[in-house]
Amino acid sequence: MNIHEYQAKEVLRKFGVATLKGKLAHSPEEAVAAAKEIGGSVWVVKAQIHAGGRGKGGGVKVAKSLDEVSEFTKKMIGMTLVTHQTGPEGKVVQKVFIEQGCNIAKEYYVACLIDRATGRAAMMASSEGGMDIEEVAEHNPDAIKKVDIDPTVGLMPFQARELAFQIGMEPAIVNKAVKFFAGLYNAFVATDCSIAEINPLVVTKEGDVLCLDAKMNFDSNSLFRHPDIVEMRDLNEEEPSEIEASKFDLAFIKLDGNIGCLVNGAGLAMATLDIIKLHGAEPANFLDVGGGANKEKVTEAFKIILKDKNVKGILVNIFGGIMKCDIIAEGVIAASKELGLKVPLVVRLEGTNVELGKKMLKESGLNITPADNLTDAAKKIVAAIKG
């Protein structure tokens, strides 16, 4: 689950991470009032969407007067902001964050994340803050430094100091950086983050170490432990079909292709997406029905897939372990009848009760194309949508 920048800063402040004064606004009038309350003579108007790269897209503006605060807010509210993370369709800006300006001397990058290679948390930092870290990794990988964190003791002060020196921080601010890094790590662990990213962390000309922008993503499996975090969820920033899928415990991610996929198991689902692309087509979604799906769940999955007007065909790929093939077949038949399915449907079944499942599909009288294996399934659905 993602949250907005202003919410991430609220969370981080609780753990001692220093931020600038800021206030949320939904209109030019609120923005001006916020700027007056914050004080000073320079403010930053920031569009609040669940995506990075806002500055390049025109979603971050420095205002040097209250009139400019009003002007920039008026332009941002309601605009469709397109960044490298939103895709070409962009996201509509519904609110802005008015933040105090500061005298930036140097920008850095720092993040806590899970290192899949070690199975531990890690802290990454770079002297090249304010840039997309993916670009830094590609063009100057040596600029990124990393420390692995032992979960039994957490981030040790010597590790934080070492990281600060590795990215070129001045000795005079290292102690402040150590406190900052510790707060970031503590927030990461306490709230069950999958990533907590500060980009940029800035050192001001006055020698302060501050969080200028923040991104936090939380493990959705842990949200039952964090009702305060759940309250921060902004459904307006999420794909409606993904919200609907979550109500039925379906793991669903909308994609840009035209072949709908219904699969059990995340690994098999990813392999299914890959083989569709291998055969020259594009998947419309990732959908894992899980191991305990029933007829009703399969029907809801079909409904969600078919709400996407780009879907020209559906591939069902099931390996029956806990999930029995006859249960899937029953769900496929029920969904096809209830929805009056008009797009090609290819079904590949393997595993528990596979023969019974295939028999049910064959005797259903519906236009369902069986497939013997994954390659056969991909070839058949691609051929079907291409006519």
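Here the Cβ of each residue, glycine as well, is placed from N, Cα and C on the backbone.
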Next item on the list: With Gly321, Ile322, Met323 listed by Swiss-Prot as binding substrate, identify the candidate in Asn236, Asn258, Asn264 belonging to that site.
Entry: Asn264
Checklist line | Residue with minimal Cβ packing [other Cβ atoms within 10 Å] among the binding-site residues Glu99, Glu107, Asp213 | finding: Glu107
Notebook entry, point to check: Which residue, of the binding-site residues Cys102, Ile322, Met323, has its CB surrounded by the fewest other CB atoms within 10 A?
Noted result: Ile322
Notebook entry, point to check: How many Å separate the Cα atoms of Gly55 (ATP binding site) and Asp213 (Mg(2+) binding site)?
Noted result: 11
Next item on the list: Would you mind pulling the DSSP three-state label for Asp213 (Mg(2+) binding site)?
Entry: coil
Margin query: So if I draw a 10 Å sphere around the Cβ of Gly321 (substrate binding site), how many other Cβ atoms end up inside it?
Written below: 12
Next item on the list: Based on Cα distances to Glu99 (ATP binding site), point out the closest of the binding-site residues Asn199, Asp213, Asn264, Ile322, Met323.
Entry: Asp213
